[in-house]
Each structure stands twice: as C-alpha cells, then as structure tokens.
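**Q** Per TrEMBL, the features are:
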- GLU55: active site, proton acceptor (ACT_SITE)
- LYS155: active site, proton donor (ACT_SITE)
- CYS188: active site, nucleophile (ACT_SITE)
- 15-282: domain 'CN hydrolase' (DOMAIN)
Amino acid sequence: YVAAVYEHESILSPTPAALVERRSALELMGRNLDIYEQQVVAAARQGAQIIVFPEDGIHGFNFTRSSIYPYLDFIPRSHSGKWNPCREPYLFNDTEVVQRLSCMALKNKIFLVANLGTKQPCERSDPQCPSDGRYQFNTNVAFATDGTLLASYRKHNLYFEYAFDTPPEPDYASFDTPFAGKFGMFTCFDILFFEPAVNLIKQYNLKQIVYPTAWMNQLPLLSAVEFQQAFATAFNVNILAANIHHPTLGMTGSGIYTPVKSFIYHNMESYGGKLIVAEIPVITADYRTNLEKTPGRVSEKGKGQSPPSFYAEMMYDNFTFVPVWGEEGELQVCANSLCCYLNYRRAVLTDELYALGVFDGLHTVHGTYYVQACALVKCGGLSFSTCGQEVTGATALIDFQLWGNMSTSYIFPLLLTSGITLDFADHMGWKNNHYFLSKNRTSSGLLTAALYGRWYEKD
C-alpha cells in the first residue's frame with residue numbers, strides 16, 4: 001500500500017502560557033491546518049491511501065493547563081465509526097479542528113491520522129477527576145476516507161506535559177483499512193513502555209502502526225529514526241512515524257519503516273516541513289525467519305587480555321566501557337547480570353576511538369524505566385571521557401558480531417551510521433540464550449551498533 005507521513009514545522013504561539021480566546025486559538029491552529037490541507041492534497045495526488053501527521057503539530061507546545069484550554073476540541077468517548085464531523089458538525093460544540101481534519105479525509109478520499117488536544121468533562125464522583133472538573137488529553141484521531149471518525153487514542157505516557165492528564169485506563173486504539181487490515185496507534189514516549197504500545201501489538205496481533213511523535217533526538221541510542229526502525233524490526237511491524245520539525249529543539253526524524261527497509265527523513269540543517277510517500281508491503285504473517293539465520297561462529301572467550309574498563313556517562317546512565325583498539329579483536333564487558341561480547345575487524349585503522357559499553361539498571365532521567373544495553377559506540381574524541389557523547393559523523397567501517405546474555409526478550413537492535421543514516425544487520429536473533437547482531441561492513445562509518453533491551457517488569 002502507499003503511505004504518507006508529514007514532518008511538520010508547526011507555527012507556534014509566541015506566548016503559549018498566555019490565556020487567549022478560543023477565536024485566536026482557532027486562528028493559530030487554522031494556519032497549521034492550512035499546511036496540513038496542502039499536504040493531504042499532495043499525498044493523495046501521489047496515490048497515498050493513508051497520511052499521518054505529528055504530535056503537537058496543530059497547537060504546538062509549552063502550554064500550561066489553563067493556557068491550552070482554548071485549543072482543545074471535544075470528542076465524545078464512544079464514537080467509533082458513528083460520527084462524521086465533516087457531515088455532522090452540529091452534533092457537538094468545540095469540534096472545529098476535528099471537523100477540518102474530517103473534511104480533509106473526505107475531500108481527498110484518504111485515511112488520515114492527526115494529533116490534537118481534547119477535553120472531556122468529568123463528574124466530581126470520579127476519584128480521578130481533576131479539580132477543574134475536566135480531563136485534558138493529548139489525543140490522536142483517525143478518519144476514514146468518507147470523513148468518519150474511526151478511532152481516538154489518548155496518550156498514556158506523558159513526557160513532562162503539564163497541560164495534559166493521563167487517561168484513567170490505557171486506551172488500546174486501532175482501526176480497520178481495506179488495504180492493509182488493522183492499524184494500531186500510540187504516541188511519542190509510549191514507544192518505550194509496555195502499556196499500551198507492546199500490549200496493543202501483542203493482544204491484537206497488529207502488523208501496522210501509526211505513530212505521531214514530537215521527539216527530541218538523543219544520541220547515541222535514542223535518535224528518532226534509529227529507534228523507530230529498531231521498533232519496527234523488533235516487533236516485525238510497519239510503522240508510519242510522523243515527527244515534528246524544530247531543529248533548534250533537536251526535533252526531526254520521521255519515516256515509513258518495514259522490518260527490513262525504511263524511507264526516512266532526518267534534517268537538522270534546514271527549516272520547513274517534509275512529505276514522505278512510499279509504497280510498502282502489507283505484513284501478514286511473521287517473516288522473521290530471514291532475520292534469524294544462525295549467526296557466525298560463537299568464539300571461545302579468554303583469548304588474550306581485555307583492555308582496561310572505564311566508566312563514562314551515556315544517555316545520563318553510568319556505562320561500563322572497554323576501548324575497541326587495533327584492527328581486530330574480541331572483547332567482553334559486564335555489569336550486574338549482563339555481559340556483552342564483541343568480535344570486530346576494521347577495514348582500515350582510522351584515528352577514531354570506539355568503545356563497547358554495558359548498562360543494566362534503572363534509567364531515571366527524563367522518565368524512569370529499566371534498560372539492559374550492549375552498545376558499540378564511536379566516542380566524541382580520543383579520550384575515554386568522550387565515550388557516550390553525541391556524535392553524528394564517523395568514517396570507520398567495521399565488521400562486527402555483538403551479543404549479550406539479555407534477561408528480557410524485548411530487544412531493540414540499533415544500527416546507526418554516519419550522518420544519522422540507517423543500516424540493517426546481516427543476522428540477528430537468539431542463540432544459546434544470547435541475543436546476536438552481526439554485520440559485515442556497514443554502508444558508511446559506524447556511529448552506533450547496540451542491543452537496547454527493555455526489561456518492562458522492572459520499571
């Protein structure tokens with residue numbers, strides 16, 4: 001099927017904390033919706049059957065709970081497929097944004113997914129009802145080609161979003177399409193947690209995901225395109241990921257991903273939005289078998305001396321590293337119950353320092369979640385203290401086999417190359433209770449090759 005995602009540079013309120021009238025909130029959102037409208041037309045012209053827009057694209061961010069209020073639409077809780085906002089605008093008040101989105105889908109005969117802020121009054125008798133008597137949600141909506149509102153999803157894992165509430169129960173949102181079956185949806189930070197993202201995919205055996213996000217890139221392990229691709233690979237799903245475009249905030253990185261191929265956009269240099277349109281196969285059955293060819297030799301440990309280990313901070317976590325010296329070698333580094341192993345060979349010895357790092361513990365900055373990671377990274381300079389820094393360029397071409405005795409089955413294989421481009425492993429999968437990732441010669445200089453494990457039970 002043909003899918004489209006739009007990386008949108010939102011027109012932002014210069015004073016998001018100021019209280020404004022609904023009229024001026026609608027005026028600002030209207031300017032973003034005008035851009036959406038042009039992109040829907042462009043995508044439909046290129047044959048797209050579905051288009052996805054980013055998180056916060058319509059209203060922006062940095063609001064307070066009260067200042068976002070005029071920007072919020074109303075959506076009835078149980079609407080699935082029963083309400084067409086474009087054709088029945090009179091049914092509810094404060095639905096101007098939803099109406100416009102519904103009409104774009106209808107006019108262009110396209111499935112449309114977007115993110116907006118919504119409100120829902122609640123009763124004092126509801127113990128979770130906020131003191132102002134209303135819920136405010138960060139919400140995704142999906143419309144059919146006739147403008148019907150098919151599904152809505154309220155973001156569960158908020159990322160310092162003080163204007164919004166966490167829904168009382170996780171939403172498991174999905175909708176049907178004639179061209180690719182069921183699509184599931186969740187938002188941004190949700191991708192790192194079991195609820196509702198992983199649970200949704202497992203319970204409903206979903207193979208297509210729509211994913212609005214407003215993601216701040218964090219190298220070396222959590223760049224948007226890097227993690228989006230790893231998620232598609234780990235769960236054997238297609239992901240249509242739309243990010244916001246604000247390079248000054250480190251926000252870029254959208255794409256259309258299959259487990260074995262991707263069409264991405266990552267641009268920290270220029271401004272303006274970007275439409276990506278690509279044709280991808282519908283995933284029906286698991287075609288994992290092609291990933292789980294058994295890896296090459298599992299070498300015996302203990303040949304020669306391992307170089308000295310050292311500690312350095314990476315992604316706010318204290319990693320234990322060993323330097324990757326010389327043209328080839330075999331390394332091991334352990335922390336807690338996790339041991340990581342690396343066999344490597346460099347085509348040409350460059351003056352770049354690489355290190356193999358391990359972390360097995362609770363990550364506590366910008367969210368709390370348990371991580372088990374084995375990571376081969378390029379360091380920022382030639383001293384050990386630079387390992388773990390954000391690096392975007394590299395020249396070393398390395399053949400490697402990386403493996404670890406991971407305690408969780410949720411492993412996200414990361415493979416990032418120079419200029420924030422993606423590469424694909426030759427082999428990956430489980431063997432003898434170890435998870436493997438191997439690659440002969442990356443397509444360009446290696447930035448990161450990692451096994452990023454999420455041990456959800458220990459969150």
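Any Cβ shown, glycine's included, is placed from N, Cα and C.
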**Q** Just jot down the residues in the same chain as LYS155 (active site, proton donor), at least 6 apart in sequence, with C-beta under 8 A of its C-beta; none if empty.
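**A** Once residues fewer than 6 apart are set aside, LYS155 (active site, proton donor) is near GLU55, PHE137, ASN138, THR139, ASN140, GLU161, PHE164, PHE186, THR187, CYS188, PHE189, ASP190.
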**Q** Could you tally the C-beta atoms, other than its own, that fall within 10 angstroms of the C-beta of the residue listed as 'active site, nucleophile'?
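**A** Around the residue listed as 'active site, nucleophile', other Cβ atoms within 10 Å: 26.
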**Q** For a quick check of packing: other C-beta atoms within 10 Å of the C-beta of the residue listed as 'active site, proton acceptor', how many?
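**A** So the number of other Cβ atoms within 10 Å of the residue listed as 'active site, proton acceptor' is 27.
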